[in-house]
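Asker: Below is the structure I would like to discuss, written out as structure tokens.
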Amino acid sequence: MAQRSQSASTRAVIEDRLTAATIVISATTGKIISIFHSVLEASSFPAGTPYTDYSPHVLLPGLVDAHVHLNEPGRTEWEGFWTGTRAAAFGGVTTVVDMPLNAIPPTTTVAGLKEKIAAAQGQCWVDVGLYGGIVPGNVHELKSLVRGGVRGFKGFMIDSGVEEFPAVSSEDIAAVFEELADEPTTVMFHAEMIPPVSASIGDDVQFSLPPLVPSGPLDRYQTFLDSRPSSFETYAIAEVLSLAHLAPKLPLHIVHLSATEAIPMIREARAKGVKITTETCFHYLSLAAEQIQEGDTRHKCCPPIREQANQDGLWQELLDMNDSVIKTVVSDHSPCTPNLKLLPAHVPGAESGLEASDQSNGDFFSAWGGISSVGLGISVLWTEAMRRSLPTDETLRNIAMWCSVNTAKQVGLERQKGALKVGMDGDVAVFDDEAEFEVQSNAMLFRNKCSPYQGKTVKAGFSEKTGPAEKDRVTIAGRPAMATIEDDDERLLARIGYKQELKREFNKWSTVSYAISLLGVLGSQPATYGVPISLGGPATAVWAWFIGSVMAMVIASCVAELVSAYPTAGGMYFVTKQVVPPEHVAIWAWIIGWCNFLGQATGVASLAYTIGQMILAGASLNSGYSDGSYGYSPTAAQTVLVALLTLVVFGAICSLTTKALHRVVLWFAPINILATIGICIALLILTPDKRSARFVFTDIEDHSGWGSKGFSFLLGFLNVAWVMTDYDGTTHMSEETHDAAVRGPLAIRLAVLVSGVLGWLLNITFTFCLTPDYMNDIVASPTGLPIAQIFLNAGGRAGGTAMLFFVILVQFFTGATALLANARMTYAFARDEALPFSSFWSKINATTGTPVNAVWLVVVFCGCLNLIGIGSTETITAIFNLCAPCLDLSYVAVLFAHQVYAHRVQFIEGPYTLGKWSKPLNILAISWVVFISVVLFFPTTRPVTATNMNYAIAVAGFVGIFSLGWWWAGARKKYTGPRTQDIMSMVDTFEREDYA
């Protein structure tokens, strides 16, 4: 690994100068180790050293947004560390400082501080600092919070809007000043108070309720603005200044100054020696009251956005760089869920189905106050500056001062943040001042896409930041393109410990299509429909699928939570490393990896085999029927031959480039869904003699011979267990998917939901189409495939063949996607030296950019499994029966380890989490899989003979003995588990000596 990296440009803001520069950053410490005031050539540095010339874009110090509400823990539906800091990185922000309120608990105690630090671990895309809060009665906590590392304190002088963070009185402020008089901290105020001016205003205004005598309709912005005049701010600031003498050395700060009327009094106080500064916000500098439409509560904030003349006054003060009282510009990102904004339907971002009455929609007094803008601020600021025709070079220097240098100083980080200097953190932002984009959801990376900037065209922008473990990484942006998400994914993969080798081409739709196709309900469900009806009767097929689908959703949700945190090609196999103590990782990962590999391989082999069965059943269907049999009856060897040819075609498809795979897979799900619905409709219309609802939903039989309808019903779960599995198959494509930590879990859950519903519809439809003597007419059909007989009965030879064609086509899609998942798992397994000749199998093909060798290893292995079918149908059936138990057991083993070792191994959640339901759902998933796996290892019929024996348990035992024997024979000396660079510990959100 290179020990340093170089970033160069003809324009860089270095110590308040715009100059050419080459910045050298240590890869070990993340610090700037030298700066050359010219653009050096790459040849000036040792060969292999990372070097990028970003000319003509501007190198700025990473921005420090000193006013952000991240709301975690407690209100993560509003915002969270993961989404908020990622949005910040999009806008060139490399450090955010989180406000103490809107999270539950607020950061008003040491316990609350520790809880917030714990919540932030592993979730932050940028450096994060925390403020402490001032509320009535917490004076005794303040010094401990200073020792804990908070970057300052904030108190409200008016109702905050959340009950856990009440406003402070003048007496409270006096006590705080006395307590913190000699502490190295800053005390900040939301400075609004109701002055004793008019009874028509009333105390209700401080709770954002309408005044006693409103000046107009409540959905008109001017009415709201009239209720919070500038005197609210001037009166509160005057109160703070009157108490400043109690702590003359204590720095004071007014947050989000809106009213220009307060500027003279602050300037006068500073002239008298009061240590007070103030900030303003991007929205006060870019939005004006005259432009706000009726009901557009996206603009509501407190203090309010004022008139254009007030905005002009703020700019005038800000541009007085020598004497301005406004030292910093921040976002005051204060989001909420869209429903709390009470937006009318015509306003972008409005949430449909609100329970509030039409009269309350657009009510500025009832709506939550706060502007969502983190990551957009500098683009907004630059756009407004250019509109005002301000000098380009001077504005670049000013932005660095307002949003980096001074904000870092405000929170006590001026020795490491806010400037491009030797010895400082290598936080470099690449600014494209010529770019232009429209603010839409792809540019609003915060959780809830509800912002007054939506739909506006802004100029310039940023992309990523360079974080604590990656201060040598600088990437260019300025446009909210998919590359932004791709870079985030690559960075997350690097944090996990793997190099990005595969190309990310899968988007949201191809990922969902892949996940749905992986389950392939129209192909796989018909292939095994005969099992439940032949064992437990018609109702078993219906209700076993329903119950199994519900449990599949439970398991899938638990899997999704884990792989959301660690989206790698290894899937649940890799997650093992993050939930098991280091000394046990190797053996756990070995067993889980082999279970997953074997389960997927047997699944792929069985899919190819069933395609062979269905193709030859179609041939039989069209061969002519006489004397109780068809003219053509396929042999086992012929079925295996078709299966082998199918595997070769699978391999050819899976050897394509990722972009080609994305384009192909995109069509799989639509065809699957439309064909399923079409076949259901066709069968219900064309089948002449359908069964009753009572037959379909209540008729449970004991066809298994076990003497128990209940046990026969349980054996019927083989159908749904075989189809609804391989949940983490989608995750094996994570390293080729944009925004994998979010889209992977979503695709997994959506696929189970869609497949569960479609599969249930198919089961119900097929069961309505059974004959009275279905055991002889359907189960024992001469076609060799029960569903083929159902199609034949409904559509005749032509119609039945057409329906069977779509089943085969979808099953083909399923087989191709399953082999793709198996190949990526093989690649991940080989990458960790878990296979013989691992370096060969993990090699990325230079032409396709995909692990082609791993693809053909899977083809050959699955082909060998299928060859067994020539000699023994019972043995190959037993091997195929391993698919569901092996996969499900590999999942629940990780879930089990996660629960058992939770007290020893801290798990860092990803974007998708089950929250308080995580543990109970994990326990339910584990219990269900263990129970149903035991059932599915039983012989399906009695009396048990050599022919009908379920040999799955014997095959599983053989594989278990083989893999464990190999482990003890020598693998344990070489294999250490997933082989990552152990850099997760380097990306902690906080450095204790610097933050908290």
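Cβ coordinates come from backbone N, Cα and C, glycine included.
All TrEMBL annotations are machine predictions without curation.
Just so it is clear, the model here is predicted, and its values are computed rather than measured.
Feature annotation from TrEMBL assigns domain 'Amidohydrolase-related' to 58-452. Summarising the annotation, TrEMBL assigns transmembrane segment to 543-566, 587-616, 636-657, 664-686, 706-725, 746-766, 802-821, 852-872, 878-901, 921-939, 951-969.
For each feature listed, report its degree of burial, its nearest neighbours and the pertinent distances within the displayed model.
Answerer: Residues of the same chain lying 6 or more positions beyond the ends of the transmembrane segment (587-616) and with a Cβ under 8 Å from any Cβ of it are 520, 523-524, 527, 570-573, 576-577, 580, 634, 638-644, 646-647, 650, 722, 725-726, 728-729, 784-785, 788, 804, 807-808, 811-812, 814-815, 818-819, 821-822, 825-826, 829, 832, 834, 858, 861-863, 865-866, 869, 876, 879-880, 882-890, 893-894, 897, 959, 963-964, 967, 971-972, 975, 977-978.
Within its own chain, the transmembrane segment (664-686) has Cβ neighbours under 8 Å at 506, 509-510, 512-514, 516-517, 520-523, 653, 656, 754, 758, 761-762, 765-766, 768-769, 790-791, 794-795, 799, 803, 806-807, 809-810, 813, 817, counting only residues six or more beyond its boundaries.
Below 8 angstroms of C-beta separation, residues 514, 517-524, 526-527, 600, 603-604, 607-608, 610-611, 614-615, 617-618, 621, 646-647, 649-651, 653-654, 661, 665, 668, 671-672, 675-676, 678-679, 682-683, 726, 729-730, 732-733, 787-788, 791, 794-795, 855, 858-859, 862 of the same chain, each at least six residues beyond the ends of the transmembrane segment (802-821), sit close to that stretch.
For the transmembrane segment (921-939), the residues of the chain that approach it from at least six positions outside its boundaries are 551, 554-555, 557-558, 711, 714-715, 717-718, 721, 881, 884-885, 888-889, 891-892, 895-896, 898-899, 914, 948-950, 952-953, 956, judged by C-beta separation under 8 angstroms.
Listed as Cβ neighbours of the transmembrane segment (951-969) (distance under 8 Å, sequence separation of 6 or more from its ends, same chain) are residues 587, 590-591, 594, 598, 874-875, 877-879, 881-882, 885-886, 936-937, 975.
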Asker: When each of 543-566, 636-657, 706-725, 878-901 is checked against the transmembrane segment (746-766) for Cβ pairs under 8 Å, which one has the most?
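Answerer: If we count Cβ pairs closer than 8 Å to the transmembrane segment (746-766), 543-566 scores highest.
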Asker: Would you mind listing the long-range same-chain contacts of the transmembrane segment (543-566), meaning Cβ under 8 Å and 6+ residues beyond its ends?
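Answerer: Distal contacts: 122, 496, 525, 532, 536, 572, 574-575, 578-579, 697, 713-714, 716-717, 719-721, 724-725, 727-728, 731, 734, 741-742, 744-746, 748-749, 751-753, 755-757, 759-760, 763, 888, 891-892, 894-895, 898, 907-914, 918, 921-922, 924-925, 928-929, 932.
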Asker: Six or more residues out from either end of the transmembrane segment (636-657), which same-chain residues have a Cβ under 8 Å from its Cβ atoms?
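Answerer: Result: 503, 505, 604-605, 608-609, 611-613, 615-616, 664, 812, 815-816, 819-820, 823, 845, 848-850, 852, 855-856, 858-859, 862-863, 866-867, 869-870, 873.
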